[in-house]
Amino acid sequence: MGLQILLYLLIALLIDTARAADHFKYGPSRKYTMKNMFPEHTTEYWNERAQDILKQKLVEVQSPITNNAKNIIMFLGDGMSVHTITATRNFMGDSAKQVSFEKFPYFGLSKTYCVDSQVADSACSATAYLGGVKGNYGTIGVNANVPRFDCMAGLNVGNWVESIAQWAQNAGMDTGLVTTSRVTHASPAGVYAHTAQRGWENDAEILKSGCSSKVNVDIARQLVEWPVGRKLKVIMGGGRSNFRNITVNDEDGIAGQRYDGRDLIEYWIQDKRSQNVKANYVWNRKGLNSLNLNNTDYLLGLFSSSHCPFHGDLKRNNISTLVPSLSEMTEFALKVLSKKNNGFFLFVESARIDMAHHETKARKSLEDTEELAKAVDLTRKMFSEEDTLIIVTSDHSHTMTISGYPYRDEDITGLAADQADDDLPYTILSYANGPGFDNTYNKKGRKRIAPEETIDPNFQYLATVPLASETHGGDDVGVFASGPFAHYFSGTYEQCNIPAMMAKAANIGTFRSGAGVQARPTVMALFVIHFFIILLKTR
């Protein structure tokens, strides 16, 4: 055995010497090593690993869980492409390892296009993976009969799409949402809202579009006033400014954005008091941690005037004492929702994965993906696989790719091992377009990048086409499933199949056993009441 190890070391030294001679441009910070990789050099290692995986797969195929799901928890990594997950593996330590949800027994791919667009946004995709219907780009909770920005088409109840949260509520289950974006942003709004324009998060935005804010109800009002939003037991994320008037400052001294004089946070508090339920509003991490869960049936947590910070910035900017992490919010939400025995549906979004990609700040995107994996792992440990279905997916991809033939032990956020044909280094991660273009080119051609630049979390990675904001990608995204009927989620399918499969697993909605298409009296009644209120106000 000692002779074999010595032989391995000799071979490694010869390989390293040859590479150093052939690639004399390598920087010293990117020197290849072979530490901790000796087992992978043997055929037996890979054969034994294949046998272990085969045994696991045989058990999964022979024994899928087919009892009804009591709980459904859907995790969304906004913009979490397959490339993002792959890069996160390396970011967490080694490309051979797996992030928590990659260990789930079943995996599929969903097709993300909108009815009118090959590349989806977070609005039309939310309608698909939460409502089971594909709509137009920029619209939420409505079918494709509603063009974006149409002031009137979105008011037609016949065009509204019910979400799985509504199906769960109709079945007597509790519901909630957690996000690191504004709670009125496109993805979480898919849980409860119906609108022709994703940007109508407050009444001022409706007026800017040239529509009536009396006829069209903004997303923040829908959250606190309309049936599905009102019944949500947990609402946590950012976005306080959409709930308060421009004359009112929030807890951080930032003015609201509403024009109508409403304080929707106070409305939420008073509404819950009128129902005689135990409800709490919190606005920072200290308030969240001091909650008495025995005295909390409804929880509203708004931890920022706009979006919550990037996960890595919580420590870097010393604000982790003010804003809870995604995993912390998720844990509190699960504790509130599991107090009763009637089951629940929870939507959890890691929104800043997407926003970091738009800025071509790849390191921040990977940090938020790692935090999402932590939240998923925490959740899977809290609940039994026998009665709780967990889905982890994305709404769309991004244009980030991994290239450059990096060595296994190279930092994925750093520079490729070789220089390019112009004798300049380039990053392993890069984008097809976006603001990183300014880090890529100047008037003389391509810029030289120093290795230490990529350590900065705000470094913008190379991009080919100049754009102020990097675009989404149109490729399929992964769907990872664990729990009852998780085997439904294998294969490639339309994104709008996801809520149908979740509902079937829990036997709720129009997909429950023996159910046909159901009428929507509560929605129709709401529309009629809203219509007559408008008439009375305009008389």
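Easy rule for this one: first residue shown is 1, then count along the chain.
Glycine is no exception: its Cβ is also placed from the backbone N, Cα and C atoms.
Some features that TrEMBL has for this protein:
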- SER122: active site, phosphoserine intermediate (ACT_SITE)
- ASP78, HIS185, SER187: Mg(2+) binding site (BINDING)
- ASP78, ASP354, HIS358, ASP395, HIS396, HIS472: Zn(2+) 2 binding site (BINDING)
- GLU349: Zn(2+) 1 binding site (BINDING)
- 1-20: signal peptide (SIGNAL)
- 519-536: transmembrane segment (TRANSMEM)
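Sequence features, as recorded in TrEMBL, placed on the structure.
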residue: ASP78; record: Mg(2+) binding site; contacts (Cβ under 8 Å, 6+ apart): SER122, SER181, SER187, GLU349, SER350, ALA351, ARG352, ILE353, ASP354, MET355, SER394, ASP395
residue: HIS185; record: Mg(2+) binding site; contacts (Cβ under 8 Å, 6+ apart): SER122, THR179, ARG198, GLU201, GLY237, GLY239, HIS307, ALA351
residue: HIS358; record: Zn(2+) 2 binding site; contacts (Cβ under 8 Å, 6+ apart): GLY79, HIS398, GLY434, SER469, GLU470
residue: HIS396; record: Zn(2+) 2 binding site; contacts (Cβ under 8 Å, 6+ apart): GLY79, THR112, VAL119, ALA120, ASP121, SER122, SER125, HIS472, GLY473, GLY474, VAL477
Suppose the Zn(2+) 2 site is ASP78, ASP354, HIS358, ASP395, HIS396, HIS472. Which further residues of the same chain have a Cβ inside 8 angstroms of that site's Cβ centroid?
GLY79, ASP121, SER122, ILE353, HIS357, SER394, SER397, HIS398
Taking all protein chains shown into account, the Cβ-based neighbour count within 10 Å for the residue listed as 'Zn(2+) 1 binding site' is 30
